[in-house]
Amino acid sequence: MKALAKLERGPGLTLTRVKRPEVGHNDVLIKIRRTAICGTDIHIWKWDDWAQKTIPVPMHVGHEYVGEIVEMGQEVRGFAIGDRVSGEGHITCGFCRNCRAGRRHLCRNTVGVGVNREGAFAEYLAIPAFNAFKIPPEISDDLASIFDPFGNATHTALSFNLVGEDVLITGAGPIGIMAVAIAKHVGARNVVITDINDYRLELARKMGATRAVNVARESLRDVMADLHMTEGFDVGLEMSGVPSAFTSLLEAMNHGGKVALLGIPPAQTAIDWNQVIFKGLEIKGIYGREMFETWYKMVAMLQSGLDLSPIITHRFAADDYEQGFAAMLSGESGKVILDWTV
């Protein structure tokens, strides 16, 4: 089958031919329709320090996808040939304390699809049936293919009650931008997002941001004054991994505020702990998606009117993957979709 793989320990990916995956007793085989390019895939493309330490070579990658079940293992129940599915990209052990307690997103033995094992940038993907998630017919293939990052945004944004709250999001990548739409959808009052990328900030405005702030030119304090905010933000969502962004977020938080961290900062990042202690801030680290509560919430929000369509800005045939990666690398894109049916 056709697949997009890391064949050598260096930058780039190669469209190649690999063996179609075997289907275990508890697996489903998915014929891929669409995939989306993730920030993780950009790290793999660039072959940065993280990728060099993490990605086995050779291996085909990718973990954001939608497709159709074409084969099932003999032990699989609850699915049928022809079901349209996306899937949870974190394959968990099922035996550790967190797995047995229903907190599988905190499994200490997680294996990542397209990171630690063969991925979805291919014509077929085999995964445990437990990880597959049926997609309702009213949700498009394009939207279903981005359920993985949509899930990151959902898990982060819905970690705290947002109804009537003022929310600050630092980092206008696709996940941060989707968090804007989620926060507005569930009833936040002001949703402010910060970045230095004007293209992405404009996308955030289209997705409903009260203010999209280029902090290279505009003061967050001035924006808060314009919005008649006198006590700071109630909820902060750190999506960038940039230390200066986290610092500004802590400074802008109200006393008793709540902060969710999804962005991954450099190791040993220093912060002003006085901001945390004397403001009584609650800080929560976010990893992946809650299995499968996050997935049900994603579907429910889309079915109740959440519009994520502006975040998908580019579409290419899988054979034109280099154009897709170029769009992502340019910084002037939202989500980029690769079509495996053409």
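Heads up, the Cβ atoms here are built off N, Cα and C, so glycines get one too.
Annotated features in Swiss-Prot:
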ACT_SITE  Thr40  active site, charge relay system
ACT_SITE  His43  active site, charge relay system
BINDING   Cys38, His63, Glu64  Zn(2+) 1 binding site
BINDING   Cys93, Cys96, Cys99, Cys107  Zn(2+) 2 binding site
BINDING   Ile175, Asp195, Arg200, Leu262, Gly263, Ile264, Ile286, Tyr287  NAD(+) binding site
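Sequence features annotated in Swiss-Prot and their locations in the structure.
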residue	record	CB count, 10 Å
Cys38	Zn(2+) 1 binding site	25
His43	active site, charge relay system	17
Glu64	Zn(2+) 1 binding site	30
Cys96	Zn(2+) 2 binding site	16
Cys99	Zn(2+) 2 binding site	19
Cys107	Zn(2+) 2 binding site	22
Ile175	NAD(+) binding site	29
Leu262	NAD(+) binding site	25
Gly263	NAD(+) binding site	20
Ile286	NAD(+) binding site	20
Roughly how many Å lie between the Cα atoms of Cys93 (Zn(2+) 2 binding site) and Cys38 (Zn(2+) 1 binding site), rounded to a whole value? 24
Would you mind reading off the Cα separation of Cys107 (Zn(2+) 2 binding site) from Glu64 (Zn(2+) 1 binding site), to the nearest angstrom? 20
Taking the Cβ of Thr40 (active site, charge relay system) as reference, which residues of that chain separated by at least 6 in sequence fall under 8 Å from it? His63, Gly114, Val115
Whole-number Å only: compute the distance from the Cα of Ile175 (NAD(+) binding site) to the Cα of Cys99 (Zn(2+) 2 binding site). 26
Residues flanking the Zn(2+) 2 site, with Cβ no more than 8 Å from the Cβ centroid of Cys93, Cys96, Cys99, Cys107 and excluding those residues themselves: Thr92, Gly94, Phe95, Arg97, Asn98, Arg100, Arg104, Arg108, Asn109, Thr110
If you measure from the C-alpha of Asp195 (NAD(+) binding site), which of the recorded positions Cys38, His43, Glu64 fall inside 10 Å? none
Taking the centroid of the Cβ atoms of Cys38, His63, Glu64 (Zn(2+) 1 site), which other same-chain residues have Cβ within 8 Å of it? Thr35, Ala36, Ile37, Thr40, Asp41, Gly62, Tyr65, Gly89, Gly114, Gly119, Ala120, Asp148, Pro149
Counting only residues 6+ apart in the same chain, whose Cβ is under 8 Å from the Cβ of Tyr287 (NAD(+) binding site)? His105, Leu106
In sequence order, which same-chain residues at least six apart have a C-beta under 8 angstroms from Ile264 (NAD(+) binding site)? Gly241
For Arg200 (NAD(+) binding site), which of the recorded positions Cys38, His43, Cys96, Cys99 has the nearest Cα in space? Cys38
For a quick check of packing: other C-beta atoms within 10 Å of the C-beta of Cys93 (Zn(2+) 2 binding site), how many? 14
Calculate the distance in Å between the alpha carbons (Cα) of His43 (active site, charge relay system) and Cys96 (Zn(2+) 2 binding site), and round it to a whole number. 29
